[in-house]
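TrEMBL annotations:
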{"type": "ACT_SITE", "residues": "S713", "note": "active site"}
{"type": "ACT_SITE", "residues": "K756", "note": "active site"}
{"type": "BINDING", "residues": "G390, P391, P392, G393, V394, G395, K396, T397", "note": "ATP binding site"}
{"type": "DOMAIN", "residues": "44-239", "note": "domain 'Lon N-terminal'"}
{"type": "DOMAIN", "residues": "626-807", "note": "domain 'Lon proteolytic'"}
Amino acid sequence: MSNQKILNIDSLSLQELDTDAELIPLMTPEDEEEMNNEQLPDDLAILPLRNMVLFPGVVIPITAGRDKSIKLINEANAGGKIIGVVAQKDEKVEEPTANDIHKVGTVARILRVLKMPDGNTTVIIQGKKRFEIDQVTTEEPYLRATIKEVAEERPEKGEVEFATIIESIKELAIQIIKESPNIPTEATFAIKNIESESFLVNFVSSNMSLSVKEKQELLAKNNLKERALETLRHMNLELQKLELKNDIQSKVRFDLDQQQREYFLHQQMKTIQEELGGVSHDQEIEEMRKKGKNKKWNQKTKEHFEKELAKLQRMNPQVAEFAIQRNYLELMLDLPWNEFSKDKFDLKRAEKILHRDHFGLEDVKKRIIEHLAVLKLRNDMKSPILCLYGPPGVGKTSIGKSVAEALGREYIRISLGGLRDEAEIRGHRKTYIGAMPGRIIQSIKKAKTSNPVFVLDEIDKLSVGPSGDPSSALLEVLDPEQNSEFYDNFLELGFDLSKVMFIATSNNMSTIQPALRDRMEIINMTGYTIEEKVEIAKRHLLPKQLKEHGLTDKDFSMSKKVLEKIVTGYTRESGVRGLEKQIAKMIRHVAKSIAMEEEYNHKATEADVLEVLGAPRMERDKYENNEVAGVVTGLAWTSVGGDILFIESLLSKGKGTLTMTGNLGNVMKESATIALEYIKANAEQLGISPEVISNYNVHIHVPEGATPKDGPSAGIAMLTSLVSSFTQRRIKKNLAMTGEITLRGRVLPVGGIKEKILAAKRAGIKEIILCEENRRDIDEIKQEYLQGLTFHYVSEMSQVVKHAITDQKVKNAKTL
């Protein structure tokens, strides 16, 4: 079968034709019945075809180059679009007359006319009915003739023999398509979907590789059954030819011996590489050997390289292992073995860079400068392994970049958040497909020096997975006694990491493996105060965002008062990430106004903040009052800073049971139990009747029940709340407290003091009760943050009650 015509027809039906049902190339029985009912005109313009025969129902493209043909097509297209198509007896005749064309042809409808750049006209036509020329009436300006319809003789409906012939035609057509390498298999769907027997015979006849004479004989047959049998005969002959051709090709195909084939391919590859100016296999190995001589390897590494290079030389470049082996050797050559950047131990310059890039964080800067001083004094000392611990957005990651600049070292960073596979750290063994080195070695390769500043970001977010524990793999990386010979599974050699300055960052120390935590020096980075945030915004965030938005300080500025409004009303964090987003939002609003040439305030006001950012969303808890018994203000630490916490207790008639609500954790529940037991044991000293404790149920509640709460620091607040409820006495005004309690009546120290103090100050607290041992934490806080606060240091629970509870009864006190 002729695949070219099938493809043209499919292509035309999808792209060129309209979506009208009558124009679809694969004709249905309904289409055929409608076509048979059409009346033919008495005479038609006749279009002679040189080398093809049009069958009813079939769509074909025709290229017309003769002047008569082009004129006929144009006039018919402008008129009724119906023409008569007949085949020439001799395709060489340029000006065919009545004697040069066959008598039987096909009435066709013009579907589309396309003008070609070369002057020819392509017309797409669809066959309708067969006709016979009665008499040619004129030959100018083109052939016209009177015609008569040629009726088709059809077998009776349901005739078994005819149905078998049709089925055989479909099967043979599908076999021919499978045997023909140039015909797409999609053509089988076209054959299977043809329902009309007459159109099937016409479609197959039109697409077979037959001569014009053979096709004309098929078209001239009136009897459909005879035409189908003749088509089947031609198909059998074509299938036999195809099978014979394929058989001959398979017999004469020369099958090269595997060794000869490989040799031939190797020679071809070598020739192609030389022609393209590339490097041959031998040249590539020689270049690797030269590079290896310039590396600062020890004897063991040098011998290993030579051994692996010899292995590559013996390998066939076509095998999969060749690429892995070459990648391995390239990694060895790319790694900076004993290559170090020169350190800049100018401590004043380093201090200047740290102050330039980060505001506040004085303790952190001091510790880093101290480490740099030690490195300066002992140049051969192994680099320290620091862990910057603190809430998000306080500058843990960025301070590593400043340290790298201060030292003049390369800076690299990898994020460990969500890492679950040990191979990400140690690499995969070479035996695996797709093997590669771990992220530590890959980063060192990228740094091109063996002493970069290496930031291990989010080290607290490593997790154990089915492929091992990456935090355990980091034990070797972060151990100064072991990392001089760090073993990567892919590299299979020890690599010296002892001169790398590792800086890890963490938000939560409790999730870090104890052994890993022990290997690092922890530097605590606390959150910023409101004043520090305002200063950071003024010095760093505002200029940075103006630059990123294409503006200058002449276009827009913000006062400290406005920045403080944004800090307190629109952010609730220890760092400044959220603050930077709010500032960016303000600047985007200004950028829009400038771009649209609208009026705006060059200096932002509080009204502008309300307009752009909306109503404040982060109003902090304020101290309430001491009118109600049992309500105490505690202090809490969260991952985004400190906050105040209200502890409420209430008594009701009952049998002395304790109920706790507010989404409390186990430690907090234990603190409540300890507080109640202490009161029971010391009821007389506290002025509480034992009968009251026995006859009243106690309910402790901590508001904001949707938020989980845990920790021991609310112990003294719970004790104070219960004493106030049992005695119905007021708690001292503007007082907050934090501390852990024991059954013996001791008060123990707690953490997060700076954040808690700042939260208390924001809430309007004036006095704070702390454990005596927390005095050292207060001494480390700048005095400017402590102004307006009075501290009471206690070591016993009786002292807490003395400082917190007044002798005055609450309003509407209950009689117990």
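Glycine too: its Cβ is placed from the backbone N, Cα and C atoms.
Please treat TrEMBL annotations as automatic predictions, because they have not gone through curation.
Locations of recorded TrEMBL features on the structure.
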residue	record	Cβ within 10 Å
G390	ATP binding site	21
P391	ATP binding site	21
P392	ATP binding site	18
G393	ATP binding site	20
V394	ATP binding site	28
G395	ATP binding site	24
K396	ATP binding site	26
T397	ATP binding site	17
S713	active site	28
K756	active site	29
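Look at G395 (ATP binding site): DSSP puts it in coil. In three-state terms derived from DSSP, G390 (ATP binding site) belongs to neither a helical nor a strand segment and is classed as coil. G393 (ATP binding site) sits 18 Å from K756 (active site), taking the Cα positions as reference. Distance between Cα atoms for S713 (active site) and K756 (active site): 11 Å, as a whole number.
Cβ atoms within 8 Å of the centroid of the Cβ atoms of G390, P391, P392, G393, V394, G395, K396, T397 (the ATP site) belong to the same-chain residues L388, T505, N507, M525, S574, G575, site residues excluded.
Mean pLDDT of the predicted structure over the domain 'Lon N-terminal' (44-239): 86. In the three-state DSSP classification, K756 (active site) falls within a helix.
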